Every structure is written in structure tokens, then in C-alpha cells.
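Trainee: Taken from TrEMBL, the feature transmembrane segment covers 6-29. Residues or ranges marked as domain 'Plant heme peroxidase family profile' in TrEMBL: 37-263. Under the heading disulfide bond, TrEMBL lists Cys69-Cys259, Cys147-Cys173. Here TrEMBL flags Pro110 as substrate binding site. TrEMBL lists His140 with the feature heme b binding site. Annotated Ca(2+) binding site per TrEMBL: Thr141, Asp184, Asp191, in sequence order.
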Amino acid sequence: MVVGNFLAIVLVMEMILSGFWDVTGRFSLIQRRITRQKDSPANLSLRGYEVIDEAKEAVENQCPGVVSCADILAMAARDAVFWAGGPVYDIPKGRKDGKRSKIEDTINLPPPFFNSSQLIKMFGQHGFSVQEMVALSGAHTLGAARCSSFKGRLNSVDPTLDTGFANTLAKTCSAGDNAEQPFDATRTTFDNLYYNALLRKAGVLSSDQTLYATPKTRSIVNGYALNEAMFFFDFQRAMLKMSTLDVKEGSNGEVREDCHKIN
């Protein structure tokens, strides 16, 4: 597996398990007759579940029934940012795992064609400011997107898309819907090049480029493109805030022995 993809994966999975997009399952269940979150079209790029499984197994061998899959995933996201060169931040521990994971729970995942107004509304419904939304979008400094998520931009003239970069995307898509295009030039490094790409109209997804195309968010993008330290600071604060959302406690959750099934 490409390292950058794994780092991006655990960040997205952390956003999902936090309940930020109304996902209550915390981790994918592998059970008969249950359609899983990770099989949702919105999560087709999520890979690397086996790494979390290995971490869970190691922890269970030392401290059985103590550390939840939710906490392991949250810590994996934190460590992924650090090892990719990003900021250091801590998170509260003690979350429990949810008791369901169904495909309909991903219905609120923001699609790649959302505009800034839609993104602002979605993040705002969970208490995030415009600035926090733009900072969290910077998680796209890691990993890549599949052609299926951006090929719609190539069907007509997109004034927010650089012509040369459009040719790059088209070349990527010539290899099929599953072909991947990195979000920026350093897919394995946590930096501010994602925002610099937006300044050049080289955002991969419409939901990326809209952040620079819209006056309300453009100044924030400019700020992060010029000042990486400011991006790091705002990102770590936003991730800490996210880690406190929709925490499962008491009878509302459990500590799974196996992340793929309810106890």
C-alpha cells in the first residue's frame, strides 16, 4: 500500500468515526446481512483496515477489553499526521465503539461536487466554523482521488480548472475510473501544497477548488498557502474538536474484541 494513501485513509476514517457526518457505527462491521459503511461508494477509496486490525490485536493481547477500535483509529489518525510531517496534537481517550455500521449512515458524507456554500452548511451543522472547515479540508494534502470522483469536471469547460491540469486529469482517467490522481505534488507529506494547488486552479475535486473560487473562503486558502504554520495550528485545533464529537459512552457503546463484529 502507498504510505500516503494509508495516511489519508486513517484521517478520513477518523472523521467518519467521530460522528462528524452522522456515522454512528464507528467501524465497519463484517457480518452477514449487514451492508457495511466501508462498502459505500462514498468510501471506496478507504483501504488499510488490516493495519487497524493488527493494532487492535496487539492491544488486545496486552490489555483485553480496554481500548476501543474508535480510540485506536483516532490515535492512528493523529500519528499519521505526525509521521507525515504534520503538527503534533493530542486527543482525549476512552471512547467506545458503536453497535451498528450500515451503508445508509454514509448518506451525509460530502460528495466531491459540493460547492463551498454546501460545505459550510454541512460543517456548520456540526458546530464547525468556515475557517475550521477549510483547515480540515487540508487533510487532502495526503493521498489521492479516484477518477470516478472528478471525471465529471472534464465533460465540459470548467472555468475553475486550469487547462493544463485538466489535461493531466484526463490522462489519469484514461486508465479507468479507479485510476488515482494525487491531491498535490507531495501525496505522502503533510504540508500546505494542497492550498497552493488551489491557487493555480489545480484542485482535484470540485469540492477542493470551490474553496478558492468562493470569496468567503478564498482569503483563508490564501492564508494557509502563504503560512504553513497557521494551517498546522488551525488543523490540530479542528481535529481535537472533531475528536470530541458524538462520543459513545456507557450503554451507548462497547469495547469490541474484534473491530469487525459486535461483541
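Just so you know, glycine gets a Cβ as well, placed from its N, Cα and C.
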Trainee: As a test of reading the model: what is the averaged pLDDT for the domain 'Plant heme peroxidase family profile' (37-263)?
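Mentor: Averaging the confidence scores along the domain 'Plant heme peroxidase family profile' (37-263) gives 85.
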Trainee: If you measure Cys259 (disulfide bond) to Asp191 (Ca(2+) binding site) at Cα, how many Å is it?
Mentor: 31
Trainee: Taking the centroid of the Cβ atoms of Thr141, Asp184, Asp191 as the Ca(2+) site, which other residues of that chain lie with their Cβ within 8 Å of it, listed in sequence order?
Mentor: Gly138, His140, Leu142, Phe183, Ala185, Thr186, Arg187, Thr189, Phe190, Asn192, Leu193, Tyr194, Tyr195, Ala197
Trainee: Between Pro110 (substrate binding site) and His140 (heme b binding site), how many Å separate their Cα atoms?
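Mentor: That separation, Cα to Cα, works out to 14 Å.
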Trainee: Given the recorded positions Cys147, Asp184, Asp191, and counting only Cβ atoms in the protein chains shown, which has the most within 10 Å of its Cβ?
Mentor: Asp184
Trainee: Measuring CA to CA, name the entry from the binding-site residues His140, Thr141, Asp184, Asp191 that ends up nearest Cys173 (disulfide bond).
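Mentor: In terms of Cα distance, Cys173 (disulfide bond) lies closest to Asp184.
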Trainee: Long-range same-chain neighbours of Thr141 (Ca(2+) binding site), Cβ under 8 Å, sequence gap at least 6?
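Mentor: The list for Thr141 (Ca(2+) binding site) reads Phe183, Asp184, Thr186, Thr189, Phe190, Asp191, Asn192, Leu193, Tyr194, given in order along the sequence.
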Trainee: Whole-number answer please: how many Å between the C-alpha atoms of Cys147 (disulfide bond) and the residue listed as 'heme b binding site'?
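Mentor: Cα of Cys147 (disulfide bond) to Cα of the residue listed as 'heme b binding site' measures 15 Å after rounding.
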Trainee: Please work out which residue of Cys69, Cys173, Cys259 has the most C-beta neighbours within 10 angstroms of its C-beta, and give that one of the disulfide-bonded residues.
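Mentor: Compared across Cys69, Cys173, Cys259, the most Cβ atoms within 10 Å surround Cys69.
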Trainee: Whole-number Å distance between the CA of Cys69 (disulfide bond) and the CA of the residue listed as 'heme b binding site'?
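Mentor: Rounded to a whole number, the Cα-Cα distance is 24 Å.
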Trainee: Among the binding-site residues Pro110, His140, point out the residue whose Cβ has the most other Cβ atoms within 10 Å, with all shown protein chains included in the count.
Mentor: His140
